[in-house]
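Chemist: The structure that follows is given in the form of structure tokens.
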């Protein structure tokens, strides 16, 4: 290898050991995209729309978690089970949306339990 290449390689190595690694930003975007392709295979999504969807998923997640936590606390329980999650969903989501969410959730839990 030439001197320049060796210098570059050395620099790259140095920056890694210094801890200049890019911070990972977690998001639901790959899952949102997979669901989009299931319901509308020929539809795309802009990065701004994806960001909004990601915020929406995070918001709903936090609301359900907080409500489930409250329910567990009211009933002097220290564990959040699928029952608390289901009740939280019923309390947070309106009518038909809650029914569909509960049935999808039940389906997912059943699938997970049977695969174990």
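Keep in mind that glycine also has a Cβ here, set from the backbone N, Cα and C atoms.
When I checked Swiss-Prot for this same protein, it listed these features:
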- 1-25: region 'Disordered' (REGION)
- 1-11: compositional bias 'Basic residues' (COMPBIAS)
- 4: N6-acetyllysine (MOD_RES)
- 11: N6-acetyllysine (MOD_RES)
- 14: N6-acetyllysine (MOD_RES)
- 103: O-linked glycosylation site (CARBOHYD)
- 111: ubiquitin cross-link (CROSSLNK)
Chemist: Fill in the CA-CA distance, residue 111 (ubiquitin cross-link) to the residue listed as 'O-linked glycosylation site', as an integer in Å.
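Modeler: Roughly 12 Å, rounded to the nearest whole number.
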Chemist: Looking only at Cβ atoms, how many others are within 10 Å of the one on residue 103 (O-linked glycosylation site)?
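Modeler: Other Cβ atoms found within 10 Å: 10.
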